[in-house]
Amino acid sequence: MSDAFETAAPPHATYDTVLVLDMGSQTSHLILRRLRSLGVYSEMLPCTQKIKDLGWKPVGVILSGGPSSVYADDAPGVDPLVFELGVPVLGVCYGNQLIAWRANPKSVAPGVNREYGETQMAIHKIGTHGDRLFEGLGDSLNVVMSHFDKVVQLPDGFQTIATTKNSEFAGIAHETQPIFGIQFHPEISHTEKGTDIIANFATKICGARPDWKMDDFSAREIKRIRELVGDKAQVIGAVSGGVDSTVAAKLMKEAIGDRFHAILVDQGLMRLNECEQVKETLDKHLGINLTVVDGSELFLGRLAGVTEPEAKRKIIGGTFIDLFEIEALRIEKEAENTDRAGKVEWFLQGTLYADIVESLSFKGAASSTIKSHHNAGGLPARMQNGEAQLKLLEPLRELFKDEVRAFGRQLGIHEELIGRHPFPGPGLGIRIIGEVTPERVEIVRKADHIFISMIREAGIYDEVTQAYAALDSSRAVGVQGDARVYGYICILRAVTSLDMMSAEPYEFTWSLMKAISRRIVNEVDGIARVVYDTTSKPPGTIELE
């Protein structure tokens, strides 16, 4: 690894940073979103993180909620050094119970009544530093609870700062140390003044300066990229036409000019006319070095007979890197004896924070990982371990989707690219359940084209964050032209989301949904039935595989 990497300061070296330790909650990421909306930089790591390996000191720590019981044998915990850092600690839900349980294992037990949803919470003013968490927020709040276990006995050294009907210790604070616990979820939007509570903790108790803003990101990241890459090395990067890779490519162009080479790989899994449209759009709006590589035969050949989703992602990720390493050698050779001469050392990806979080296991075990993301866990081991010919460069990995869109606008990227629906690197390969074959790719490609076209025609494309058609591995009986058919089931999915960490199904009008279904069944040979996926994220993910 280049020495420049050591001198390029990461954000936590520049900004006061609140560390969020994830205990497994489905809403842990919302804590980060609330902090960043306040201008406080934050990072989330699994609760298994060892403090001695952290390499930096946060100004405060938040322990998230989680689905476990603190008294269970396999309950997740945190490094005891968290409480020896000398910084404020806030426990949320499970994190609150963990703080109490560490002080007294008898203090946490199952409650008599489960407490889910909104409830009224009374704030207790006790005349000590414990009042600072709810300072300026009145005498009561409507808060969101989601728990069965609770603190049933106040641990020694703690005081009660809030109660509800079913939780006598809905808020606790240590008498002398800046350690707080709350049983409710301030990160959920339905909690009254939840963001204010997080602000009190981060800015008043931790003393974090609210100076994280996207305006600073471009200059800082360009400086970091230049230090990291140096004066001679060249960078190649995958582009798909999606907002993530487009913004990353534009940033690299700004940082190192013509030493950045964008590569659009046609892996045989693109949408209808995707390659031509993406090339035309990127050429028109970005002015970058762009090469189109046809890898369709290679990808489809390697995927033949493979049905397991993780295996497909790994194959696709590995094949991408194989092709990029070949392209790197070609670029180096063409640049010989020119002012662009230099080794291709870096591979650019538009990885976002959501990609990293989705690939994380909060317990540190592979079994807890949601799935390998194509921009994270889908890369071959040699790439992740730095053993490949190319080293990984991910300048957007600290940002959420909405932050990337805002950053793209700051860079002057055309709205046509900023507002484009996401399309995954593995393409239609993860929208075909089971084996990927040329026949099945063509079927889902046609269905997807009809779906997206009708969304555009209805004038709702910009209301939908992401939409696509997928193909199930099972088949269903149908009747077409008085004849029995036995065809595939097409799954339609459309969601709305701010940051891609959570999502809700889009509510189509019934007439439009029926019209879409009718066209797909009538116009796409091989499809006998159409269904609409109404699963939220969580518990589902946006992509099916």
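From the backbone N, Cα and C atoms, a Cβ is placed for every residue, glycine too.
Sequence-distant contacts of C93 (active site, nucleophile), defined by Cβ-Cβ distance under 8 angstroms and a gap of at least six in the same chain, are S25, S64, G65, G66, S146, H147, I182, Q183, F184, H185. Summarising the annotation, Swiss-Prot assigns active site, nucleophile to C93.
In the shown protein chains, 23 other C-beta atoms lie within 10 A of the C-beta of H185 (active site). Summarising the annotation, Swiss-Prot assigns active site to H185 (among others).
The active site annotation in Swiss-Prot covers E187 (among others). Spatially close to E187 (active site) yet at least six residues away along the chain are T27, L30, I31, R33, R34, V92, G194, I198, judged by Cβ distances under 8 angstroms.
The ATP binding site annotation in Swiss-Prot covers S240, G241, G242, V243, D244, S245, T246 and is backed by sequence analysis. S245 (ATP binding site) falls within a helix when secondary structure is assigned with DSSP. S245 (ATP binding site): 27 other CB atoms within 10 A of its CB, across all protein chains.
Its own atom aside, the Cβ of R313 (XMP binding site) has 23 Cβ atoms within 10 angstroms in the protein chains shown. Among the features that Swiss-Prot reports, XMP binding site is placed at R313, D482, K537, E543, with the record citing similarity to another entry.
Per Swiss-Prot, domain 'Glutamine amidotransferase type-1' is recorded for 17-211, and the stated evidence type is sequence analysis.
Under the heading domain 'GMPS ATP-PPase', Swiss-Prot lists 212-420, citing sequence analysis as support.
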For R313 (XMP binding site), just give me the three-state DSSP call.
helix
Checking the contact step here: among the binding-site residues R313, K537, E543, which have a Cα within 10 Å of the Cα of G242 (ATP binding site)?
none
Where K537 (XMP binding site) and D244 (ATP binding site) are concerned, what is their Cα separation in Å, rounded?
20
Using the alpha carbons only, what distance in Å do you get between S240 (ATP binding site) and R313 (XMP binding site) once rounded?
17
Helix, strand or coil for S240 (ATP binding site)? Use DSSP.
coil
E543 (XMP binding site) versus D244 (ATP binding site) - Cα distance in angstrom:
16
